[in-house]
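What follows is a short report on a single structure.
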Amino acid sequence: MKKNLELKLAAGILVLLSLIWGYNWVVMKNVMRYADPFDFSAVRTLFGALALFAVLALRRQPLRPVALGPTLLLGLLQTTAFTALIQWALVSGGAGKTAVLVYAMPFWLLPMAWVFLGERVRGLQWVAVALALVGLVFILDPSKPQGDLFSTMLALLGSVAWAASAIVLKRLRASTPVDLLSLTAWQMLLGSLVLCIIAWWLPSEPPRLTPYFIAALIYNGLLATGLAWLMWLFILDRMPAGLAGLSSLAIPAVGVLSGWIELGERPSGPESFGMLCIAVALGLISAIALRGRQLQARAASAGSRS
């Protein structure tokens, strides 16, 4: 009974988390009216890192970093490159389309995992990759304005940086026991400090401290980082990892819907078809991963009985 209740609570929190992370694409798009992309990236990640350290302190977890070199590399990829690229993409790119392109990350991760981790691409995974590539061709319509193409390329580069950070994370956790929350806090802090240097070095107008800018900063630092990571860890602790991973499909969907309702972003016919192809491919990849974990669990259970 208690386990059932916890599972329902985790499912409810999962819906809330998808809404927080999905709607944040609209928040990050809107805040570009008041701040340079690099300035906002630096401030939001620094604020987010401090929020995570506050969570660590409240949970009485150790604050000392582990494996500083790999953590710095992770921070450069996951915080510095990823955050700066997606925020820059949102200057001229739509919130919904950028979200879909960024969440195409698994399709860069598959070949990287093949090269660096020896995880071969098999069977239906190739179908998912082909579908995603078809989707990208339709989104990367060469007849579109140059600025739109530039923002698309930035979003894709952000997606590649995210995939590369996932490889670094997987190799680090395979060789060194690290706490996920502590690692996230440290990589975000180190990456945000590099972003602060970049923001200081690049000339720009200072942020306009409007109520929306301050609200966006609080939303990103407290809700989309501090609270969201606590919620994610709660979900992972009480739900199967594969099922929790399926929630990633809802985040770009919320981003597209929010951009449509609040910003009036209506994708063209080819863009809509391209985004649909990527969504179907993501669903296929998630279903394959979930099925694989279920088969592993059954095999382990059968082995323990014998």
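In case you wondered, yes, glycine gets a Cβ from its N, Cα and C as well.
Annotations in TrEMBL come from automatic prediction, not curation.
These come from TrEMBL:
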DOMAIN    13-140  domain 'EamA'
DOMAIN    152-286  domain 'EamA'
TRANSMEM  7-26  transmembrane segment
TRANSMEM  38-58  transmembrane segment
TRANSMEM  65-88  transmembrane segment
TRANSMEM  100-117  transmembrane segment
TRANSMEM  124-143  transmembrane segment
TRANSMEM  149-169  transmembrane segment
TRANSMEM  181-202  transmembrane segment
TRANSMEM  214-236  transmembrane segment
TRANSMEM  243-261  transmembrane segment
TRANSMEM  273-290  transmembrane segment
Considering only the recorded stretches 65-88, 100-117, 214-236, state which has the highest number of Cβ pairs under 8 Å to the transmembrane segment (181-202).
65-88
Please indicate, using numbers and ranges, the residues of the same chain that are 6 or more beyond the transmembrane segment (38-58) and have a C-beta under 8 Å from a C-beta there.
28, 31-32, 79, 83-84, 87-88, 181-182, 184-185, 188-189, 191-193, 195-196, 198-199, 202, 204, 206-207, 216-217, 220-222, 224-226, 229-230
Quick test of the contact rule: Cβ under 8 Å, at least six residues beyond the ends. What residues does that give for the transmembrane segment (149-169)?
70, 73-74, 77-78, 81-82, 85-86, 88-93, 97-98, 101-106, 108-109, 112-113, 116-117, 136, 139-140, 142, 183
Cβ-based contact of the transmembrane segment (214-236) with the transmembrane segment (7-26), 3 or more pairs under 8 Å:
yes
When you scan the chain for residues with a C-beta under 8 Å from the transmembrane segment (65-88), skipping those not six or more beyond its ends, what do you find?
28, 32, 37-38, 40-41, 44-45, 98, 102, 151, 154-155, 157-158, 161-162, 164-165, 168-169, 171-172, 176-179, 182-183, 186-192, 194-195, 198
Secondary structure composition of the domain 'EamA' (152-286) [DSSP: H/G/I, E/B, coil]:
115 helix, 0 strand, 20 coil
